[in-house]
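See below for the structure under consideration.
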Amino acid sequence: MADQLTEEQIAEFKEAFSLFDKDGDGTITTKELGTVMRSLGQNPTEAELQDMINEVDADGNGTIDFPEFLTMMARKMKDTDSEEEIREAFRVFDKDGNGFISAAELRHVMTNLGEKLTDEEVDEMIREADIDGDGQVNYEEFVTMMTSK
């Protein structure tokens with residue numbers, strides 16, 4: 001996981017890590033983790049922080065060493081990429097850029113992808129993703145659809 005980071009990213013993470021490793025013993029406390037991540041432009045929620053800490057802090061001693069920190073940051077960066085990919089996919093479908101995917105836009109893109117769908121099939125796809133029932137798919141609904149397993 002950490003091997004997907006550039007040397008520049010690793011150096012940047014090391015610098016941030018060191019700023020919060022007050023006594024220089026090579027570990028930071030879980031409380032300091034949120035501050036470190038925010039200094040690197042990430043904005044994790046408390047629940048996300050707790051999840052990350054639980055995943056990384058194998059011995060449960062409340063501190064995180066640098067290799068653990070690198071693994072965690074690499075995971076977080078990977079997640080950010082997929083969010084950007086979803087946003088890009090939404091833009092492809094949202095032809096007129098109004099923030100919604102209509103049945104006509106969905107049909108157009110699916111046809112370009114070689115999928116010949118009936119009006120009923122297109123309407124069904126919209127209905128499945130259309131959480132608020134307004135007949136079109138907004139970005140939040142699209143994300144939900146794309147990220148649900």
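Every residue gets a Cβ built from N, Cα and C, even glycine.
For Ala2, the entry in Swiss-Prot reads N-acetylalanine, with the evidence type similarity to another entry.
Only residues 6 or more beyond the boundaries of the domain 'EF-hand 1' (8-43), in the same chain, are considered here, and those with a CB under 8 A from a CB of the stretch are 2, 49, 52-53, 57, 62-66, 69-70, 73, 76-77, 80. Per Swiss-Prot, domain 'EF-hand 1' is recorded for 8-43.
Residues 1-2, 4-5, 9-10, 13-14, 17, 26-30, 33-34, 36-37 of the same chain, all 6+ positions outside the domain 'EF-hand 2' (44-79), place their C-beta atoms under 8 angstroms from a C-beta of that stretch. Summarising the annotation, Swiss-Prot assigns domain 'EF-hand 2' to 44-79.
Feature annotation from Swiss-Prot assigns Ca(2+) 2 binding site to Asp57, Asp59, Asn61, Thr63, Glu68; the stated evidence is sequence analysis. In the structure as shown, the Cβ atom of Asp57 (Ca(2+) 2 binding site) sits within 10 Å of 18 other Cβ atoms.
Annotation source Swiss-Prot lists N6,N6,N6-trimethyllysine at Lys95, citing experimental evidence. Neighbours of Lys95 (N6,N6,N6-trimethyllysine), defined as other CB atoms within 10 A of its CB across all chains, total 14.
For Lys116 (site 'Not N6-methylated'), no same-chain residue that is 6 or more apart in sequence has a Cβ closer than 8 Å to its Cβ. Look at Swiss-Prot and you will find Lys116 tagged as site 'Not N6-methylated'.
Annotation comment: Swiss-Prot describes Asp130, Asp132, Asp134, Gln136, Glu141 as Ca(2+) 4 binding site, evidence class sequence analysis. Non-local contacts of Gln136 (Ca(2+) 4 binding site) by the CB criterion (under 8 A, 6+ apart in sequence, same chain) comprise Phe100, Ile101, Ser102, Ala103, Ile126, Asp130. Look at Gln136 (Ca(2+) 4 binding site): DSSP puts it in coil.
Remark: Asn61 (Ca(2+) 2 binding site) has no non-local neighbours by Cβ distance under 8 Å and separation of at least 6 in sequence. Taken through DSSP, the domain 'EF-hand 2' (44-79) splits into 25 helix, 3 strand, 8 coil. Neighbour counts of Cβ atoms within 10 Å were compared across the binding-site residues Asp59, Glu68, Asp132, Asp134, Glu141; the minimum falls on Asp59.
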